[in-house]
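A.B. asks: Take this structure, written in structure tokens, and hold onto it; I'll ask about it next.
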């Protein structure tokens with residue numbers, strides 16, 4: 001039995017788990033919502049979690065460019081710390097699996113105070129609330145400016161944008177390039193460039209999803 005197979009762990013829970021407890025290169029395998037025979041490999045990068053497809057056909061497993069005829073061959077591949085690269089150019093070394101079972105202490109807090117702040121409320125008043133994670137990391141360049149950054153020493157972002165004030169995210173074709181997009185804010189519009197058109201498309205999809213979650217929770 002694969003000790004780092006987390007069964008029906010959701011994408012959200014996988015991201016929360018790896019971001020809070022994992023390290024760069026931690027990974028786990030879980031069921032994909034695409035149906036039987038489809039799995040997702042969730043991998044912790046520096047400040048985000050990437051998800052990759054794994055499929056099973058008969059008794060073989062397909063992952064990346066490789067097909068593994070047995071589960072043992074598939075596991076042995078991970079023992080050799082494979083290096084993954086996506087369309088965005090991000091490289092990740094799969095260093096250590098995150099186990100499904102971990103040792104847990106049997107320690108509980110004693111209740112010394114127990115009362116209620118409100119009265120008369122029912123189950124219908126309970127509203128579950130948790131942030132939708134959806135993580136991505138990378139470097140974007142402001143259009144119309146030349147920016148030189150040493151990627152290996154730059155830890156802090158040049159600027160932080162509050163998406164709660166953003167009204168739209170869309171491609172920008174004014175420069176006749178496929179890797180440019182813009183974020184529309186009340187006070188100004190930010191024009192940004194990703195490294196490739198594929199990466200720009202990923203940024204737009206994720207940012208639009210983030211905006212939809214923000215609006216849904218208003």
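Each residue, glycine too, has its Cβ placed from N, Cα and C.
Automatic prediction, not curation, is the source of TrEMBL annotations.
From TrEMBL, for reference:
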- 4-98: domain 'SH2' (DOMAIN)
A.B. asks: Average the pLDDT scores across the domain 'SH2' (4-98) and report the rounded value.
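C.D. replies: The predicted confidence over the domain 'SH2' (4-98), as a mean pLDDT, is 92.
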A.B. asks: How many helix, strand and coil residues does the domain 'SH2' (4-98) contain under DSSP?
C.D. replies: 20 helix, 38 strand, 37 coil
